[in-house]
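Asker: Below are the structure tokens for one structure; questions will follow.
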Amino acid sequence: MKSILIEKPNQLAIVEREIPTPSAGEVRVKVKLAGICGSDSHIYRGHNPFAKYPRVIGHEFFGVIDAVGEGVESARVGERVAVDPVVSCGHCYPCSIGKPNVCTTLAVLGVHADGGFSEYAVVPAKNAWKIPEAVADQYAVMIEPFTIAANVTGHGQPTENDTVLVYGAGPIGLTIVQVLKGVYNVKNVIVADRIDERLEKAKESGADWAINNSQTPLGEIFTEKGIKPTLIIDAACHPSILKEAVTLASPAARIVLMGFSSEPSEVIQQGITGKELSIFSSRLNANKFPIVIDWLSKGLIKPEKLITHTFDFQHVADAISLFEQDQKHCCKVLLTFSE
């Protein structure tokens, strides 16, 4: 089989490997589609602090089970599945309270362990989620990005009457917008970004107001309009955003952070405590695959609005370059694998 391997930062190769055999409790997935994420680019370029090399990247992937290991029902062969990349121990403190995404021995497929940019992938059977026949392949491969939005909104608990500010109209920001509008029916969703084309995408995904904040600070715009967001979600992940979010937020608001920067964020306790703000962080997803599969089955989210490009997996280097360089027109890039 062929696999996409990052041998070391900035060194990508398509290599020939033996087709793996699933061990006890595992299934083998013949991969059909995979999605490129920012973290794949970061691993490729050497900017992900958690990655170990050499590494087969890819944590968004979909395919068909073609073999099972001991202890897995043979009836699962032939199942269409999307794979949850979060592999956890199941018994540490985070796992015991429903947060396998921060397991003390967390392994993320495509980061800590080999992922799905390969013609075949062996994964824990419990991580392979069956996809209803009514859900198309290209939607199924988008489940993992939407689980990020499910995790974020699980923390933020949006209501219809919230005024929500989403920083960032990249792929994750747009999944969050779709969930806010399609699942939670939030009446007022504001998106801030510095690229007009991305803001247009935000409108297509349901944003009520899309603001280019490259020239005028959000504080000025919101003061003029009398707006105080009750929920702020940082999908741009810059360390400067927390300070601004605390200033902009309504009293009793919630703020959800997703960034992994090692740079400090300057924030004053008085700004947080004076308004009794609730600040959450969100990493990966905590058992959100069934939730997103249900949303897809009910037509509450529209993954097709985010897919802009598709490449054969053997052109992955071109696909990643496009993803990195064309932020105006490129949103979600899919890789196809041989039938």
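Numbering starts at 1 and runs along the chain as it is shown here.
Each Cβ is built from the backbone N, Cα and C atoms, and glycine gets one as well.
Taken from Swiss-Prot, the feature Zn(2+) 1 binding site covers Cys37, His59, Glu144. Annotation source Swiss-Prot lists Zn(2+) 2 binding site at Cys89, Cys92, Cys95, Cys103, citing similarity to another entry.
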Asker: When you tally the Cβ atoms that lie within 10 Å of each candidate's Cβ, which of the binding-site residues (Cys89, Cys92, Glu144) has the highest tally?
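Answerer: Ranked by Cβ atoms within 10 Å, first place goes to Glu144.
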Asker: Would you say which of the binding-site residues Cys37, Cys95, Cys103 has the most Cβ atoms within 10 Å of its own Cβ?
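Answerer: When each Cβ's neighbours within 10 Å are tallied, Cys37 tops the list.
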Asker: Around the Zn(2+) 1 site formed by Cys37, His59, Glu144, list the extra residues of the same chain whose Cβ is within 8 Å of the site's Cβ centroid.
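Answerer: Other same-chain residues with Cβ inside the cutoff are Gly35, Ser39, Asp40, Gly58, Glu60, Phe61, Pro85, Gly110, Pro145.
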Asker: Around His59 (Zn(2+) 1 binding site), how many other CB atoms lie within 10 A of its CB?
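Answerer: Other Cβ atoms within 10 Å of His59 (Zn(2+) 1 binding site): 25.
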Asker: For His59 (Zn(2+) 1 binding site) and Cys89 (Zn(2+) 2 binding site), what Cα-Cα distance in Å is obtained after rounding to a whole number?
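Answerer: Distance between the two Cα atoms comes out at 18 Å.
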Asker: Using C-alpha atoms, which one of the binding-site residues Cys89, Cys92, Cys95, Cys103 comes nearest to Cys37 (Zn(2+) 1 binding site)?
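Answerer: Result for Cys37 (Zn(2+) 1 binding site): the nearest of the binding-site residues is Cys103.
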Asker: Work out how many Å separate Cys92 (Zn(2+) 2 binding site) and Glu144 (Zn(2+) 1 binding site) at their Cα atoms, rounded off.
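Answerer: Taking the Cα atoms only, Cys92 (Zn(2+) 2 binding site) lies 24 Å from Glu144 (Zn(2+) 1 binding site).
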Asker: Any idea what the Cα distance is from Cys95 (Zn(2+) 2 binding site) over to Glu144 (Zn(2+) 1 binding site), rounded to a whole Å?
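Answerer: With distance taken Cα to Cα, Glu144 (Zn(2+) 1 binding site) is 19 Å from Cys95 (Zn(2+) 2 binding site).
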Asker: Starting from the Cβ centroid of Cys89, Cys92, Cys95, Cys103, the recorded Zn(2+) 2 site, name every other residue in that chain with its Cβ within 8 Å, sequence order please.
Answerer: Ser88, Gly90, His91, Tyr93, Pro94, Ser96, Pro100, Thr104, Thr105, Leu106
